[in-house]
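J.: Pulled these from TrEMBL:
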type: BINDING; residues: Lys24, Arg25, Lys26, Ser27, Gly28, Lys29, Asp30, Arg149; note: ATP binding site
type: BINDING; residues: Asn177; note: substrate binding site
Amino acid sequence: MQDKNDKKKIAVRMVKFVIAISGKRKSGKDYCTNKLIKAFEKIQLPVSAVGISHSLKEEYAKIHNLNFGELLTDGPYKEQFRKDMIRWGEEVRNKDPSVFCRAALLSVDDSDIVIVSDCRRMTDFEFFVSNYKTLTVRVETIEDHRQQRGFRFVKGIDDAESECGLDDYKFDVVLKNITGENIDSRIEKIVEKVIYEINKL
């Protein structure tokens, strides 16, 4: 009889397509991820969304006896630990660059398509592109709109690799997420690209 971990490993192997999303803080990565989920669900394609940072935060919370649920929010609780989480995460990644990518996929249950909502480093993209059919998506917005959503530049965070590591990457798709604009047609184009690539497999 298979245990739970064996089943999850099989589910990961069954993933047909990865949408690897990146973007600056307050660019709207989660918003765009939710739009994509609804679009795939509308046409009844099995889809899951995972976050690399979720697996990092879960492990960090265990080690430091912190509230994992609060670390997943955008509130002040997370912000007081952000710099140290980044430092700790870098130390772990230096030993094993794809450790949090692999951990994130273990939460997938029987989905053809997986949306990774928070790729931040070149090694993240390298892992997904080398192991899965992958579409890389950059979520972008206007700087003023980031600030309207609560963004404030923090030295040591917004100039670190976790925010700047993919600035020069050549993305498959750049998704403009401008406040007040309807992005449904842009989401549909991404869905069409994914369906086209899946049908080629």
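Just so it is clear, glycine is given a Cβ too, placed from its N, Cα and C backbone atoms.
Bear in mind that TrEMBL entries carry predicted annotations, made automatically and left uncurated.
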J.: Tell me the Cβ contacts of Arg149 (ATP binding site) under 8 Å, same chain only and six or more apart in sequence, or just say none.
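T.: In sequence order, the residues whose Cβ lies under 8 Å from that of Arg149 (ATP binding site) (at least 6 apart) are Lys26, Gly28, Thr179.
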J.: When you tally the Cβ atoms that lie within 10 Å of each candidate's Cβ, which of the binding-site residues (Lys24, Arg25, Lys26, Lys29) has the highest tally?
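T.: When each Cβ's neighbours within 10 Å are tallied, Lys29 leads.
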J.: How long is the line from the C-alpha of Arg25 (ATP binding site) to the C-alpha of the residue listed as 'substrate binding site', rounded to the nearest angstrom?
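T.: That comes out at 13 Å between the alpha carbons.
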J.: What are the other residues, in sequence order, whose C-beta lies within 8 angstroms of the center of the C-beta atoms of Lys24, Arg25, Lys26, Ser27, Gly28, Lys29, Asp30, Arg149 at the ATP site?
T.: Gly23, Tyr31, Val139, Thr141, Arg146, Phe151, Asn177
J.: Starting from the Cβ of Gly28 (ATP binding site), draw a 10 Å sphere and report how many other Cβ atoms land inside it.
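T.: I count 23 other Cβ atoms within 10 Å of it.
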J.: Expressed to the nearest Å, what is the distance separating Asp30 (ATP binding site) and Asn177 (substrate binding site) at their Cα atoms?
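T.: Their Cα atoms are separated by 11 Å.
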J.: At the level of the C-alpha atoms, what whole-angstrom distance separates Lys24 (ATP binding site) and the residue listed as 'substrate binding site'?
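T.: Here the two Cα atoms lie 12 Å apart.
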J.: Between Asn177 (substrate binding site) and Ser27 (ATP binding site), what is the CA-CA distance rounded to a whole number of Å?
T.: 7
J.: Give the residue from the binding-site residues Ser27, Asp30, Asn177 that has the most other Cβ atoms within 10 Å of its Cβ, counting over every protein chain displayed.
T.: Ser27
